[in-house]
Every structure is written in structure tokens, then in C-alpha cells.
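Per TrEMBL, domain 'Cytochrome c' is recorded for 61-269. The heme c 1 binding site annotation in TrEMBL covers Cys83, Cys86, His87. The annotation heme c 2 binding site is assigned in TrEMBL to Cys272, Cys275, His276.
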Amino acid sequence: MQRSTLALAISITTVLLPMLKGCEQHAYWSAQERSVLQSLQLKNLPDKLHSPSNRYANNPQAAAFGKQLFFDPRMSQNGELSCASCHQPERAFTDGLAKGKGLDKLNRNSQSLLGLGYSTWFYWDGRKDSLWAQALVPFEAAKEMGSSRIKVLRVIGSDSYYHRSYENLFGRFPKQVFNDNILEKSGPWGDTEARANWQTISKEDQQEINRAFVNIGKALAAYERSLSIPRTKSDHYLTALFNLGAARANSLLSDDELAGIRLFINTEKTHCFRCHNGPLLTNNDFHHIGSQNNHKNEQDYGRFLGLRTVVRDPFNCLGQYSDASPEQCSSLRYLNKTAPYFHDGRFNSLEQVMQHYLSTKPAQSELPELNLTEIEQRQVISFMNTLNID
């Protein structure tokens, strides 16, 4: 009799325990909240990203070549600046400055490269529609590396490792870049002298040079796409929540952090989730949040000019160099590494960002007016700090 009772008790426990775990999880988070939280898990990101305009996007050899180029300063005007100057690995591939600095100070904040392969548009204003096209801009930008596509290709063509890597990936390297009649300071986007020199190059040679330059961008993009996305305290919480239940998962976060999550995903209360959603906490779109004028009252036209620029770009995804047939919302991950914040780096802390949203009126922004108590403000920031890495 006792054995039968014990067996019955074990059977009931076996059946009820999973149900009880589900019940306590449901008790802490509503069905709608659980659905939202599930959408934030990194496992929802696809393993392989499709990049129609870059056939080398997922090529390991291209990524290895691109990594070498990323850290090489020889292609800059002064031989001291590389991609890693503004995108430092130890800072989640940012630079810690309010506004980036190359040969001169730039107009906008340097964005993180982590997870950038999942983006559709690039730069704060979306003026590039592929990662490879974006990667080429700093080489020739006067305030960044101040170089030229001719110099970039000459460095690659004269380095035996680079030359071999290039030809193994892309085929014949264009030897005409070393022709005496082609001046190093030549390019369609440089100053008056550079543009004039570019016009002395035949159309056929221009096209060969452009094709090789684009290949460099595609290798850099392959490397940048290969960067792993570090898991944060918040990621560990979500994994525990949906595998172990709320009771055990909640021990990983403080009361303020848990309350902050609930506030963050409440679109009526905080509005955060309207733009910062999905596993990377960005919808990769553009929004008017009342930040277009800086402290000097200078206006940043953002997407308005960015859209016009990308349409005219010969390196866009519909152009001849694409492998495809015919103020952006930034991620909230790793904010402890990516300060200062906003497109112009105007804010040094999350508290300052919070005050901006609290003080911005609907007439200045597409967001409704925000009303949070001091405790709720602290809780939202506590949650956002769970998205950090050491």
C-alpha cells in the first residue's frame, strides 16, 4: 500500500512540476510580455546573413583578408589611421568620443560595428545601403583617412601577402594602378585637384580601379559581418527564463532591473520598444526624436539628405558594382562601451538621455510625451545596464 502511494505521489509530481513551473512563469510575466521577451532573444537572429550585393559576404577567406586591412594604417594619408582608429574592439568597435576624429574632427558619433551585418542602411543618415559601400568611405573622406582609392590599391598591390590574398579571392589585380600617368591623388570624391586627376584616367581604367576598390570594401564587410555578438546579463536572463522558469531566472537580476524590463517593453509607458526592439534592440529605421538641433542650434538634416545621397551613389546596391540583380535607430547593446550617445555624441550618460526624452515635447519629436517617476527612470536605466559587457 505504501509503495503504491509513493508511486502515485511520484507520478503526480512528475506531471505537475512542469505545469507549476509554467504557472509561476506566467504569474510573473503576462502572456503578452512573454511574447515580447521571446522576441528579444539572440537565438532569433539567423545564423547566415544573406547579402545579395556582396557575394563574398560569408567567405571566411574574405573575412580574414578584410581583418588584415581593418587594422592596417598604411592606406591613410599620414600612415597612422586605420578602420580600428575609430572602431576599437575593446570599446565594442567605437572610439569613446562624442564625435569621431580622423585627420580632423567629424560631425557625428562613431557607431558600433557589432551586429551591423543585420542592418539595411548605414551611417546615421542611411546614406549607404550596403556594408561594403560604407566601408570604402573613410579611405577617401578628407576628415577621416584623407587617402585615395589609388593609394589604397597601390598599398595592396605592392604587399606580397595582400596581392596574393586579393588574387586568390577576386582574380587578377589591376596593374594599371601603378602606371606613371595615373597620379596617386586621384578620385571622384576628393578635392578639385583629385577630381581633375581622376578625369585624366581613361573610362576603362576608371572602371577597373573602381572594381578593385569595391572588392576591398567587400572584404572589409565580410570581416565586420563575422564579428560575434557578445551575450549580456540580459541575454542570460532571457535564456534562463524560457528554460528554467521565472523563479530561478529572476535571481539573476535585481528588483530594479526586473522592473526596468517591464517598463522598457511597455510601449504606452516608456515608448522605448517602439524603436528599440528585436534581438539587437533596434528596428534599423529612422526616427525624429527631437535631436536634430545641437547645442549651437545647428541642424542635422539626417535621413532627408541621406536618402538623396544613396540614390545617386554609384556604389549603391542597384549599381554596376553590386553583386545583386537589379538618423538611424541605434542598438542599445553594450552602452557601457559606446558612450557618448546620439548621432552627435551630445550625451555622456544614460541619465542625460533619459532627461532628453522626458523634456522633449511632442511638437519636437514623433514620440508621445513621456512621464516617468524618478524610481521608474532608475529602473529603466537599471535594465539597460543589463545589456552591457565587461
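Any Cβ shown, glycine's included, is placed from N, Cα and C.
If you draw a 10 Å sphere around the CB of His276 (heme c 2 binding site), it holds 22 other CB atoms from the protein chains shown. In the three-state DSSP scheme, Cys275 (heme c 2 binding site) falls into the coil class. Scoring each of the binding-site residues (Cys83, Cys86, Cys272, Cys275) by how many neighbouring Cβ atoms lie within 10 Å, the top position goes to Cys83.
Annotation for His87 (heme c 1 binding site): spatial neighbours Phe70, Phe93, Thr94, Asp95, Ser110, Ser112, Leu113, criterion Cβ-Cβ under 8 Å with sequence separation of six or more. Cα separation, Cys86 (heme c 1 binding site) to His276 (heme c 2 binding site), rounded: 24 Å. The average pLDDT computed over the domain 'Cytochrome c' (61-269) stands at 93. For the pair Cys83 (heme c 1 binding site) and His276 (heme c 2 binding site), the C-alpha distance works out to 27 angstrom.
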